[in-house]
């Protein structure tokens, strides 16, 4: 494959590792709330007093401790500001006047709960039980500063975790219906973090009781996560568990309206519920929006991923989803056309084709990236010939629609013994390849033309290189056969992809490598090593040269065929990258993951420009619409979700499959979406109707309020059963015949 001039990595093969900036603080974007959030409820109440209130001696004691700590660390300015804010007398900061200040405020011995242990219990025990520890001071006038400060971050009494959680649950169940759905989102992340905190601090019995009591209250789509969580019963189990590590280090994102959020904040501050407040501050990112609270159905549509919903900022970046201009290629007249068509038919047949290619090349799509945004390979003569063939085929393309469904041709792999793991078909539908669990890749010709290897070097020297049919002469007829087997991987092959020019085939495997095979010699040309774990999927760019891979190491990599190191590393998913797909303009790529999110990445910058949440299981299929505007995704939850890339919103949900969806494909004109599943069916959906019903003006992208119509049955055009063959791959030919493939499962 020809090298590209000015390729993405010129001087060095450097990997740009892009991760998302971590949200700080409580995750609140609004300045007017941030001040309140930085302090815990107990201290914010104290700091808000203008005069020393006689009714809150404990708060004054805490304040004194903080002031003393600031002075000890030579932060006198901060101490002075805090003293003025709290309205305390100047003598407080004077060591000599400490006693008089103490007597003015009530000495340590007189204050109820004034010593360190009482302060500790006051901070960690919620007022829910009305518990107070009225112990006398152990002869100290000033409380131990370090104990007071560390009390905010210390874990509370394990016996009270159930009380905290029950108290919050009771409160949320008692609020108005409009707020209840939104506030209920807090249950799951709180439950997980409180359970992990108990396990981490070796409170095994309390952790078990807590799990048994509240795990049944969580949403059904977290069932798998809870099953994994239930097996973590000791601190040692937590070490090395990647999913759990991610859950603790990444913030769980909740999108809540300002009114609901204020209710929650007020409740926690009134009850001085520090344990829950600390978890919310440390582990949750609350994305506050102004406006009406969302309904239960709206929240359910978007939730279910490992790290909550996407932040609104994540989907604000500009995406150039338009298509690149087609190269201008003259369509020569064919002898067959002249003979077959009468004089009137011929120009009619050519004219629409010329118009469509002409309009494509002259008018630049305003949403398209510039032609030179990323370097693409130049068209070779063979590519131009292929384009001409494509244009001729397109003139015979059948226009599909609800009244004109495609014929479906199914390729069944027999005697595969459940070993078929991946299938791909070339763009011109002449070759089909299968990846197998026995680490082999097999290629078949589906036309009468058999597969042949290139002749040996000694035989090639005898060929007249100037002859017109040199491409035919270099092939060795003795090697002709209907299929070829490619050996090289040392583990099951999980993904395969043909290059657009049909000269190469990519395969990725459990052995951690991606291999590039030549379809002229049927040998392995390169083994790309970068992933340390199994590679689940790989795909060639629509223009060749570049390809992507994604695997168990939770990153996707962008490669070029002539570089042995990746050009980009896309990091951000919290679990395996299970499927990868290039955008039709090759400037973007989508990845689906076991963390139940889909991310769209910019190939040029390496940035994540879209995060889509809503699936309730690992994602196994992705497909872009031919116009580049929409993305369809399928997962183990049996749902197909439709996404508007420009607005960054979910725009449709197609329900009907009962098992994992393994393949999605749009017809060539984008009118119909085909889906193939492990439930042994192929289903056809009316994509035009699904997208035409959208009114882009009504998108309330600011709040993420989406109203999904439950119209799956109206959009379902047909269901086609196989006898006992799960559908692994779908492919629309250039004339819109649908090819499906799978292995018979007796």
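From the backbone N, Cα and C atoms, a Cβ is placed for every residue, glycine too.
For reference, TrEMBL has these:
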REGION    1-59  region 'Disordered'
COMPBIAS  10-21  compositional bias 'Basic and acidic residues'
COMPBIAS  38-57  compositional bias 'Low complexity'
DOMAIN    156-284  domain 'TFIID subunit TAF5 NTD2'
COMPBIAS  331-342  compositional bias 'Acidic residues'
REGION    331-379  region 'Disordered'
COMPBIAS  354-365  compositional bias 'Basic and acidic residues'
REPEAT    413-454  repeat 'WD'
REPEAT    486-519  repeat 'WD'
REPEAT    528-569  repeat 'WD'
REPEAT    570-611  repeat 'WD'
REPEAT    612-645  repeat 'WD'
REPEAT    654-686  repeat 'WD'
Intrachain residues whose Cβ lies under 8 Å of the repeat 'WD' (413-454), provided they are six or more past its termini: 386, 389-390, 393, 460, 474-477, 479-487, 489-498, 500, 502, 505, 507, 509, 511, 517, 519-522, 728-729, 731, 733-734, 737, 739, 741-745
Stretch with greatest number of CB pairs under 8 Å, the repeat 'WD' (528-569) reference, 486-519, 612-645, 654-686 candidates: 486-519
Tertiary contacts of the repeat 'WD' (486-519), as residues 6+ beyond its ends and Cβ separation under 8 Å: 1, 380, 382-383, 386, 421-428, 430-431, 433-443, 525-529, 531-540, 542-544, 547, 549, 551, 559, 561
Stretch-averaged pLDDT - the domain 'TFIID subunit TAF5 NTD2' (156-284): 81
Tertiary contacts of the repeat 'WD' (612-645), as residues 6+ beyond its ends and Cβ separation under 8 Å: 221, 224, 301-305, 308-310, 319, 321-323, 575-576, 578-585, 590, 592-594, 596-600, 651-666, 668-670, 673, 675, 677, 679, 685, 687, 690-691, 694, 696, 699
